[in-house]
């Protein structure tokens, strides 16, 4: 209760202050629509929001799945060969400093701009890096006591990987996945700003903004936020299910 | 039948480099079947290195190590010993029971067999009620007991322990010492025990091997002849005279 | 040194893959179950690497400035916005972290929202903030397009700083805090003498993340607000010419990559004087 109460109070106060500032201060809706107006649009547009969220969500999900799978497999490969890991970590760090999202228009050209594929690719590429870096770190960090113990059991190779490395890396994998789950949604929505198919939340937001229907645009933003939250919370849930030994410590 | 036989072993680390260290120099050690031997000495005397040589976690630069009459490597491959470290080294993602089952699993034993043996071992260390817990839910002393149960799970003829109680508080430590002796007596296991606590070595051992550093070598052996191993003996003059004897040997002034 | 070699090796491998695929790939891409799973390998979709480099030297439009000058100019423009946004975001993040460390209630009330704000695509707001320009003004200073972009960059960069700094400020052990108490040092002096130095190893990795985030924010911001003059806008403009001038958009991509590298290098420069003898800690932001 003591953990939940302060954020709830802050949230309610912020909403009330927002509503009052907009209605009493007579702030034009193009600067900041009132929460009540946004809520109204949210209800009125719920079908549109839902279908747009489904389109963007599917892109994000597919991007997340392939990006995470590629990241984990690449990390497993890199952890087998020291040189590969030593080379790929700085490269990943450099690539991560680049605005990868700007690849979207190029991928639109390379594939076709009338499909969702370029977006799923961009989302996957963006997801790849946090998953790869975190997983590799996890795979490389083995408790020295565990290492000696497994040597005393004459266990090596795949047995060692299966019993020690993979479960030991799991917390790191999920750290990467948690970041990746939010990034996937952000990438899927933002990639729509770069042109291509007009069926997701991102294109709905821009078109609403272009028609100066700001409360409606905000309603779609709220939809995007809910989508991001769903992805994040699902990952958290999976994390708890996958690591029952951490459940007590996480809560 | 000897449990451990180390002869003429020298261990040099970083050979041929500027930071070359002679960790052990010409060490001979024999442990009889059923015997409890402690290795004691200051930091850097090579006692942990000697234990790792017996466990074949390291290969000696020169000399031979045999466990139960077999080369150390073969003994390791056959899981002819159990080992416990200062860190319990439990797998946090496995329950207590599955931690104890680990060495059995690697031997390819069936699930039913494993379960039965793990239950037996947990009973032995008094943790039968905690089989379904995860290590993070246990205290340090309980974790160390799980590590001992894991080491004993394959019924090894030899138990190797590297300061297993080093990170525990004194009360827990003494209780676990008594338990360990009871377990060893019950299973007839030979034990090599590394410690830097003199009272611990005296209380547990049939024989205390004293080592000194630079280069690591054995400088003396103290036979322990106590009438019994219970709480009362810790207060007895006999006990203290043995403690004094080991301390003097450690200082090199017998 | 090793780092530079690794990256160079990666570039070589990438160019080899690119040209290799162009040599063997189907010019119309590979279509499986109705979707194109491998890209088109023709010169229109995947121009030769040397064509991209050559394009840099030729004029943007007939008789205009060479492309490399245009791209570089756009990079500088976006760099300015990025730096402004990054600075604003970092300052806000630092202040927020100190406030959260000082007042437990602030941490309890705000931290969930700070974390929440990163799990949701609030960048989607960018087109809406764009509506501010021309309509909003502070006295004689009207709201300008670049400010919108800087706000987005700042928003994306404040979070890693706030969370990393908070963890850093909370990193000193109880013994250190108790030692300061025994010296009768107040909160302020404990902050200056103990918490801030202890937070540095956490702060710098956070700043690196924030730098990268600010670049993304600036590029995305330019695109979604239609701000002219920056590299993000250039990517979009050139990509529209892809059918007639396919190599051009890649020059803009090179510019965007350069911008990311320059910002990363600038942030690294920040930490050089302070981190010479410090341990490094891995930073996890969420």
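Placement of Cβ uses the backbone N, Cα and C atoms for every residue, glycine included.
TrEMBL: automatically predicted annotations, no manual curation.
Note that the structure is predicted; figures quoted are calculated from it, not measured.
Annotation comment: TrEMBL describes A:49-75 (among others) as transmembrane segment.
Taken from TrEMBL, the feature domain 'ABC transmembrane type-1' applies to A:49-239.
Residues or ranges marked as transmembrane segment in TrEMBL: A:87-108 (among others).
For the transmembrane segment (A:120-139), the residues of the chain that approach it from at least six positions outside its boundaries are 59-60, 62-64, 66-68, 70-72, 74-76, 78-79, 85, 88-89, 92-93, 95-96, 100-101, 103-104, 107, 111, 165-166, 168-173, 175-177, 179-180, 183-184, 187-188, 191, judged by C-beta separation under 8 angstroms. Sequence annotations record features per position, and here TrEMBL assigns transmembrane segment to A:120-139 (among others).
Listed by sequence, the residues of this chain that lie at least six past the ends of the transmembrane segment (A:180-197) yet keep a Cβ under 8 A from its Cβ atoms are 56-57, 59-61, 63-64, 67-68, 71, 101-102, 104-105, 108, 113-116, 118-120, 122-123, 126-127, 130-131, 203, 205-206, 224, 227-228, 231-232, 234-235. Among the features that TrEMBL reports, transmembrane segment is placed at A:180-197 (among others).
Look at TrEMBL and you will find A:217-238 (among others) tagged as transmembrane segment.
For the transmembrane segment (A:87-108), the list of distant contacts is 74, 78, 117-119, 121-122, 125-126, 129-130, 132-133, 136, 187, 190-191, 194-196: same-chain residues at least six beyond its ends, Cβ to Cβ under 8 Å.
Within the same chain, residues 33, 37-38, 41-42, 45, 49-50, 52-53, 56-57, 60-61, 64, 174, 177-178, 181-182, 184-186, 189, 201-202, 204-205, 208-209 sit at least 6 positions outside the transmembrane segment (A:217-238) and bring their C-beta atoms closer than 8 Å to a C-beta of that stretch.
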